[in-house]
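Taken from TrEMBL, the feature domain 'ABC transmembrane type-1' applies to A:72-256. The transmembrane segment annotation in TrEMBL covers A:26-46, A:53-73, A:79-98, A:110-132, A:138-160, A:191-212, A:232-255.
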Amino acid sequence: MSAALAAAAPPAGRRGHPLVRRIGGRVLALLAVALAWEGLVLLFGIRPFYLPRLSSVLGAILATPGAYAAGFLRTLAETLIGFVAGGAFGVAIAVAFLRLRALRELVFPLFVVSQTIPVIAFGALVVLWFGNTLLAKAVIAFYLTFFPVTVNALIGLESVDPRQIALMRSFGAAPRQILLQLQLPSALPQIFVALRLAASLSLVGAIVGEWFGDTTGLGVLLLQAMYNENVVAIWAALLVSALLGTGFYAAVAALERRLVFWGAEQ
Amino acid sequence: MLRPKDDAPLPGPAPAAEPLIALTGVDKTFGPVKALSGFTATVGRGEFVTVVGPSGCGKSTLFNIVAGLEEPDAGGALRFEGRSCHAAELLGRVSFMPQRDLLLPWRNVVDNAILALEIEGRPRREARAEALRMLPEFGLAGFEAQYPHQLSGGMRQRVALMRTFMFERDLMLLDEPFGALDALTRTMMQRWLLDVWQRHRRTILFITHDVDEAIFLGDRVLVMTARPGAVKLEQRIDLPRPRRPDLVTAPEFIRLKRTLLEAIEEESMKSFQTSQETAR
């Protein structure tokens, strides 16, 4: 079996070499897209109003790198705080639901209702409560993040093999030990499915939050460019947002590969 | 695998001594299903008792009770180390090995083997050192850092057995530990288990489907009736130890096998008929 052969190879070799090759492949693909963008715009004479050349977009970014860097960092901070808080809260609530059936029956429907409220409507409220602060954006990111994590973590926690729990009990394990040594690690693959989703959602939350008013952030840059009908600036903000979103997703996926190295074997 | 024994073969169980565990008239019902009815058996210290029976005869229920995972119905008596007790009190006092290896995929061989010790609160470093010393005996030397998905079925089973052995309790419960293995690996594992058992001197209660295995391993074989499970036949196996692989062709072995097969056959027919009746 090829899986067994691959498994027999030392782990360092398994991770190191193909990773370099994979990154190399991605860089090449990106370069190809960049060249196609530049070339097609020139070739077909597309008006900058619809699609500016990549070089002019990059030029706009490099003209005021400070604004984009500040926006990137600000939005990253909002996204990260919302994501981490949402993830931790989601897992904690899932554990509470697992333990307390009554709590679950009481609170879970409220969660579902909360998720049916459009994020825009909720955002207005959050800005009223927290003002135009970083915290307000993080709260919106949190709001979009915690629910999928709760649901998936609960699915993961409940799908633990009951025979495995019986084995732990026969060793005299306390419920806390069963949770930490068995249930949470077993749920990790499911939790990461939600975390990858949450990585994108938390960025959406942060950017939408910025639209309610702020002075820095990628959402602010987008909004300003839109009001000024500055197409190049819109594309610039979009490009930086894409960089943030992709980078964040890749970081979560890399963490998953590291922590859930055994795959969905059992 | 077969090394010369420095110990004399284990003396047979001393019937006079207090048995390690004794079940008297134990019943267990799940809703409308009666899994055990008046189950009575004892296991002496250092004894190797095997349990065979038709499928669905309540063997696993019996094991869950002895492992402390299920409470028997009121009425029966359960005694452990000479004291009457509830099944729940046996949690953490019996080392239990279920049918499947149930290894944790995120733990390597050593860390899977020390799981029970960690739960007991033993320092991890100390437990790991002990596991490393035991690896060669379980045929796992050099595999300490491998993860379960990198191991063959036989090796996984040995890791699970090592986990059970490291959880040093007087009574070991093995539920068809070799059921999933191919015939050749299985006979190797049986000989190896006897070897390890004679050196560690534990008491073993061993469930199996396989009559050969039951005779080859046990000091005593309990044949269970069709559901509701009870002891149909208790057969002493006075074959000398250490037992050699060619024992299975010896006339005494065949004679014992015939007796046991007859008893099992009768019960299998019964459970087959009842299941046909209920299907009708």
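Glycine too: its Cβ is placed from the backbone N, Cα and C atoms.
In TrEMBL, annotation is done automatically, which means it is predicted and not curated.
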*asked:* As a test: from A:26-46, A:53-73, A:110-132, A:138-160, A:232-255, pick the stretch that has the greatest number of Cβ pairs under 8 Å with the transmembrane segment (A:191-212).
replied: A:138-160
*If we call contact 3 or more Cβ pairs under 8 Å (sequence gap 6 or more), are the transmembrane segment (A:79-98) and the transmembrane segment (A:26-46) touching?*
no
_Tertiary contacts of the transmembrane segment (A:110-132) (same chain, 6+ residues out, Cβ under 8 Å)_ = 139-140, 143-144, 147, 150, 204-205, 208-209, 211-214
